[in-house]
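Only one structure is covered here, and it is reproduced in the block below.
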Amino acid sequence: MPITTGRRDATDAPASARIRSRLPRFTLNPWFWFVIVLAGGSVLRLVGLGWGLPLQLHPDEWVVVRGAIDMAERNSFEPAAFSRPDHLEIQLTYFAYMLYGYLVHGAPPELVYADDQAPFYLIARAVIAVLGILCIPLGMMIGRRLSPRIGVLTAATIAFFPPLISNSHYATPDVPLVLAGLIVVYACMRYMESPRWVWLLSACAAVAVGFIAKYPGALAGVIVAACVIVAGLRDHAGRRTVAHLLVAPVAFLVCVFVLSPVLFTNFTAVREQLVGQNSTGHLGADGLGFFGNLGFYADDGFQYFGVLMTLLALLGAWCLVTQRVLIALPYLIGVVMWLGISVLTLHWNRWGLPMYTTVLLLAPVGMAHLADALRAARLRRVAAPVAATVVGIVLANQIATSAAALVGFTAPDNRAEALKYFEANGITQDNTVYEGYTPLLPGAPWPIFDSFETVDGRLRVSADDERAPRARYVVTSSGMYGRYLREARYAREQEFYEQLDEQFVEVRRWSSSNIDAAVTPLEPLNVVRQLRHVARGVAGDVTAGPTIVLYEIPDPARR
């Protein structure tokens, strides 16, 4: 009998009960497996949090760190940054800084920060890591609305998904946005089961939490509205639907005001950021258009999902649709994010995190039903072992890739290693022409081209550069030149780097070996590649960060 309600009542078996009835029980208590998954996911998020320190290597972390310090200096709980807007992370980090400053040092955090900034970056990352860990039990809670087994499998896909592991090491808003989205999913599933005010308001509050972390979090409101409408049509409850649709946006605005009133009182700054952030001209991150962005995020996610997880997600979607499991409607939150964020002119890999939620939620459903699907195909004898093998390969692929990612967070960074050489050989900002992501500017982009001119086909340090009389070296980074070399539209910039290679003397190169761990969607091949990389990392044969190249300026090119 098809499922049409997705509600819990005495006369109509809920969708979750129908699914539970078709699934075998765990050999051990599901909570036993969940504890193992939670422990593993926590370790993967906490190991390597101190990467790069004391150098500040990430270009965006300063927003959270300095934003929280600024709040401490002003003795205010209102962040002064509006770029993403990062208010959730800034506020949580502010609390952590206050505890650290007074409990550990007995002094205000801003004074401690002035002496040593590294612990504050570590604390800011730890806050994000904790939020990433909280995603794991949320996955369990979401999946358990369908069955205990799906709950554990959902926790596992979230716990071991490599991009979530990597981004839990950065003080940025992407992981908090995923957490808020999962809360929206859970609240909306409960609303679909029982359309009560408590679940509607909880969902609206979660949308607000996501919004103050990152503006696209507001897109989750589409899922809330969809659940209200679908539940109303299912229950023939027109008045309730109208009332809930009217109250929901008001509740969202009230929650935003309570959490971060400055977003209202300084709305001019918010509007400027919303307009300014969605602009073209960002090196290596624009020009694809809507459909190009859709393809970019789909391809990037597929590389990490792998072929098998993608197929399992499709199987899970088929199961939910054919059984009309309406409470799983919130699983589409990733699709909403995919469509909404792709409208923006820019594209970044980490912007795809909230989009991948849909696949991470659907794949466990496919895993749980894979054996049934094989039996239906008259493969009864091999159904159980084949299903177990496929699920094992998927999870092994995720764990191996995540472990390989940790190699990059624990291996020495080329910028730090090169800086030691620079300090030992008197290579400084004063006698060196350098671009961004080099030892002399490790955590920010900066072009190098204006410091040079071409005379008779040969590069020379520009007379307009104040370092020209003293310049002896040039240092470049693949973090910069790699972006120019990838796109044909940067022909002039590519010619510059070619001239630099041909005309200047290379003194030393610090090559990154972490690129050897590039992922592939072919799981068996990827597992072997990632484990080989982990072995190299354990042996100390891996360096992280961009490739750094140091050149000596020949005499004719000096001023």
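Placed from the backbone N, Cα and C atoms, the Cβ positions cover glycine too.
Quick look at what TrEMBL lists:
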{"type": "TRANSMEM", "residues": "31-53", "note": "transmembrane segment"}
{"type": "TRANSMEM", "residues": "118-139", "note": "transmembrane segment"}
{"type": "DOMAIN", "residues": "125-258", "note": "domain 'Glycosyltransferase RgtA/B/C/D-like'"}
{"type": "TRANSMEM", "residues": "171-189", "note": "transmembrane segment"}
{"type": "TRANSMEM", "residues": "196-212", "note": "transmembrane segment"}
{"type": "TRANSMEM", "residues": "218-233", "note": "transmembrane segment"}
{"type": "TRANSMEM", "residues": "245-264", "note": "transmembrane segment"}
{"type": "TRANSMEM", "residues": "302-321", "note": "transmembrane segment"}
{"type": "TRANSMEM", "residues": "328-348", "note": "transmembrane segment"}
{"type": "TRANSMEM", "residues": "354-374", "note": "transmembrane segment"}
{"type": "TRANSMEM", "residues": "386-409", "note": "transmembrane segment"}
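Here the transmembrane segment (118-139) has long-range neighbours at 34, 37-38, 41-42, 45-46, 49-50, 53-54, 56, 61, 64-65, 68-69, 89, 92-93, 96-97, 100, 109, 112, 151, 154-155, 157-159, 164-165, 167-172, 175-176, 178-179, 182-183, 186, 360-361, meaning same-chain residues at least 6 beyond its ends whose C-beta is under 8 angstroms from one of its own. Cβ atoms under 8 Å from those of the transmembrane segment (31-53) belong to residues 118, 121-122, 125-126, 129, 132-133, 136-137, 140, 151-152, 155-156, 158-160, 165, 168-169, 399, 402-403, 406, 408-410, 413, 415-416, 442, 544-545 of the same chain, restricted to positions at least 6 beyond its ends. Listed as Cβ neighbours of the transmembrane segment (218-233) (distance under 8 Å, sequence separation of 6 or more from its ends, same chain) are residues 180-181, 184-185, 188, 191-192, 195, 200, 203-204, 206-207, 210-211, 240-241, 244-245, 248-249, 252, 326, 329-330, 332-333, 336-337, 340-341. In the predicted model, the domain 'Glycosyltransferase RgtA/B/C/D-like' (125-258) has a mean pLDDT of 97. Break the domain 'Glycosyltransferase RgtA/B/C/D-like' (125-258) down by DSSP state and the numbers are 117 helix, 1 strand, 16 coil.
At the 8 Å Cβ threshold, with sequence separation of at least 6, the transmembrane segment (245-264) comes into contact with the transmembrane segment (196-212) through 3 or more pairs. Using a Cβ-Cβ cut-off under 8 Å and counting only residues 6 or more beyond its ends in the same chain, the transmembrane segment (196-212) has close neighbours at 85, 87-88, 176-177, 180-181, 183-184, 187-188, 190, 218, 220-221, 223-224, 227-228, 244, 247-248, 251-252, 255-256, 259-260, 263.
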